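K.L.:
Structure provided below as structure tokens; questions to follow.
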Amino acid sequence: CCVGAESKVHIVYLGEKQHHDPEVVTESHHQMLWSILGSKEAAHDSMVYSYRHGFSAFAAKLTDSQVNQLSELPEVVHVKPDRFYELRTTRTSDYLKHTTKHPKNLLNQTNMGDQSIIGVVDSGIWPESESFNDNGIGPIPKRWKGRCDSKQSFNGSTVCNRKLIGAKYFVSGLLGGADESNWNITENPEYVSPRDFNGHGTHVAATAAGSWVPDASYLALGRGIARGGAPRARVAMYKACWHVASAGIAICSEADLLKAIDEAIHDGVDVLSISVSFQIPLRPEVDARDAIAVGAFHAVAKGIPVLCSGGNDGPASQTVTNTAPWIITVAATTQDRSFPTVITLGNNVTIVAQAMYQGPEMDFGLVYPEGPEASNETFSGACEDLYKNPARIIKEKIVLCFTKATDFGTVSKAASDVIELGGYGVIVARNLGYLINPCGGYPCLAVDYELGTDILFYIHSTRSSPVAKIRPTRTLNGLPVATKVATFSARGPSSISPAILKPDIAAPGLSILAATSPNDTSNDRGFSMKSGTSMSTPVVAGIVALLKSLHPDWSPAAFRSAIVTTAWRTDPYGEQIFAEGSSRKVADPFDYGGGIVNPENAAEPGLIYDMGSEDYILYLCSTGYNDSSISQLVGRVTVCSNPKPSVLDVNLPSITIPNLKDEVNLTRTVTNVGPVDL
């Protein structure tokens, strides 16, 4: 049948594995494919991955006809085409009061996480970074079953150590099942190995568990000790995200992500940190197309807390992703650090912008590109269109432009266009709160629309040539820098189940200093500053790893409860937390969940709201998933009650009631994990 029909990678999800021996599980997958494809050889050639540790599934190259045949088998939950996710992209420890300054603190109580293993699913790792040195770290825990793969530019036997104890990579899904030798290194620079190309995975791993690095700095904007949240915890990297030059971003195949999570479960990680998400609309949590939700369910069932980024599509409501109740979903805040850059206009008015400019003081003409309406030339003050302006307008000037765009790429492109036209720098008026980065030594400054308009009015009002003086950036720590939920941080409520409060927790995720790859364009002596919920997620993952060292018998839900119920609802200085966006307001739980993570208080929460498989089944039934899908996911026959249970009774450490009109009764069960008062 179907000679010449196109084969594409699909994920065949079978639910909970039916046998404890992984080899038997894999053999059953080959047998199933054999029955459809007609030969053992065809089944072997078709198979991409066998998921055999945390759950039972396989990825295979299938035609539409073969997909239909497999879908009709009674043991198959569903067959879905592979799809792709995106990566969502120091001072933090001091800000969170997560230090060793006092004898009794979480770091000292847990030997800084020496026995914890943090699994990171991301873009790989740069093992030579000082952040992964193993100075002062003890032997590798005997329970560890992972390994370090050796492949292109990555010799696992020499670059791994007592700190970096695991490094694997998964690319078959991205390549559509083709052999990895088909990767075109010339057209798409990457390392077909656990080595990190773009620096994202290195940054995430170092933020979670980076070793102590004295005298770390970035562009002379600050200097001090860099370390992760759990500086002696072990790191296991599972590379499932790949730099794709044509897309300009790192892409993660669903099939590769599932395999990474499956391997992490087998290897024995204590915590999983996944800074990967996708845009709405969200997929059902029992659907293998939501690889993270399904993989995380099986990890949590094995006692592994899974922390995921909430996404960077804020500040609009209902944009939060990774919303399954068994996942700890992390939002991003600013911290008590800013990078003020002073602009003095020709009328002696001083304006404070944000930038990372460390060049010489500049004193040049200032221009907003505009010209007579009757002109045949193009004049544009939109940041995206600066390249259209005549060079004589831009030459030897500092340029003001306006944009609605939220990504740093627009700022970088505007600066590049100005320099190309002979200009000296750019002032970008936009919605603040987004990522700022250096622009190759040239000043690219960000101001809000109000300040941008003030500058524009000055340009219009001056009779002589307008000028501006720009001074190098300074670093300001502590008060009076206010803490805010970052503009980009995705907001709740959940678009799948608004009664499940998401995000769960917030942590600093703006301008986080950590290790990176030398290929990273923002690399400065092995470090870079990155922003996103990708950065806030490993902050919390490192803290959860320490908590698990202190409380090894707690469930993943217990850790979520501990950090949510003890979080700061003001900043650590007692000041209000604001939510950045088109209209600034005081932050609420749809912005930051329980609040900003408080490591020391989370170690002793007193009472917790615990959850296990029965609570997750209650949630799945209340949400309306059918019995067979739930049964396959949880690995046993499950029949939902009739009438179905109330989602309001899911034992979360929060109460969220959508469309409240009348009196509502709901239940919560608390467990005492503190001292017993006799």
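Backbone N, Cα and C define each Cβ position, glycine as well.
TrEMBL annotations: computationally assigned, not manually curated.
As the structure is a computational prediction, the values presented were derived from the model and not from experiment.
According to TrEMBL, the protein carries these features:
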type: ACT_SITE; residues: D122; note: active site, charge relay system
type: ACT_SITE; residues: H200; note: active site, charge relay system
type: ACT_SITE; residues: S534; note: active site, charge relay system
type: DOMAIN; residues: 9-87; note: domain 'Inhibitor I9'
type: DOMAIN; residues: 114-571; note: domain 'Peptidase S8/S53'
K.L.:
Limited to the domain 'Peptidase S8/S53' (114-571), I'd like the whole-number average of pLDDT.
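P.N.:
Over the domain 'Peptidase S8/S53' (114-571), the predicted model scores a mean pLDDT of 88.
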K.L.:
Of the residues in the domain 'Inhibitor I9' (9-87), how many are helix, strand and coil by DSSP?
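P.N.:
Tallied per class, the domain 'Inhibitor I9' (9-87) gives 31 helix, 27 strand, 21 coil.
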K.L.:
If I take the alpha carbons of H200 (active site, charge relay system) and D122 (active site, charge relay system), what is the distance between them in whole Å?
P.N.:
7
K.L.:
10 Å Cβ neighbour count around D122 (active site, charge relay system)?
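P.N.:
Excluding its own Cβ, the number within 10 Å is 28.
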K.L.:
How many whole Å apart are the CA atoms of S534 (active site, charge relay system) and D122 (active site, charge relay system)?
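P.N.:
Counting only the Cα atoms, the answer is 10 Å.
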K.L.:
Around the Cβ of S534 (active site, charge relay system), how many other Cβ atoms lie within 10 Å? Please give the count over every shown protein chain.
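P.N.:
For S534 (active site, charge relay system), the count of other Cβ atoms within 10 Å is 30.
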